[in-house]
Amino acid sequence: DNDTDEANTANDDGKERETNSNDQNQHSSPNTDTELWKLARQFLCAMLVQILYAVIVAWADPDCNWSFFDSIYFAVQTSTTVGFGDYVPTSQQSRAISIIFIPVVVGTMGQFLSAVAAFIMDIQAKRFRSEMK
């Protein structure tokens with residue numbers, strides 16, 4: 001009877017260990033669908049801030065005669081810190097607005113791009129862990 005009890009305890013312990021390790025894997029690995037929705041929300045937030053910035057700058061600088069596409073182009077190149085210099089705000093109002101909005105758009109784009117990088121790294125880490133098993 002002692003041998004049977006020890007075997008049952010070992011089996012029970014083994015099952016508990018498997019359950020615990022599965023729980024840990026579920027908590028430590030990213031849920032891809034949830035992470036994709038987070039990325040989508042961050043992307044939308046970054047785009048909305050850029051569109052808002054583009055519209056306000058174009059409105060504040062009527063002499064520039066930018067199309068909506070030109071304004072979006074300016075906002076995206078500013079938020080990604082590319083800054084080609086082909087579109088620049090020329091009025092005092094649009095420059096003042098840019099002083100306020102540039103840190104905001106650069107921050108939102110930086111946050112989005114860092115979330116994309118973290119998502120890719122999580123996927124790679126998950127693949128690496130599965131290969132190591």
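Cβ atoms are placed via backbone N, Cα and C, with glycine included.
According to TrEMBL, the compositional bias 'Polar residues' annotation covers 21-32. Feature annotation from TrEMBL assigns domain 'Potassium channel' to 51-121. The region 'Disordered' feature in TrEMBL is assigned to 1-32. The annotation transmembrane segment is assigned in TrEMBL to 43-60, 96-123.
On the 0 to 100 pLDDT scale, the domain 'Potassium channel' (51-121) averages 90 in this prediction. For the domain 'Potassium channel' (51-121), the number of residues in each DSSP class (helix H, G, I; strand E, B; coil) is 55 helix, 0 strand, 16 coil. Under 8 Å from some Cβ of the transmembrane segment (96-123) lie the Cβ atoms of residues 29-30, 32, 35-36, 38-39, 42-43, 45-46, 49-50, 53, 56-57, 60, 75, 78-81, 89, all in the same chain and six or more residues away from its ends.
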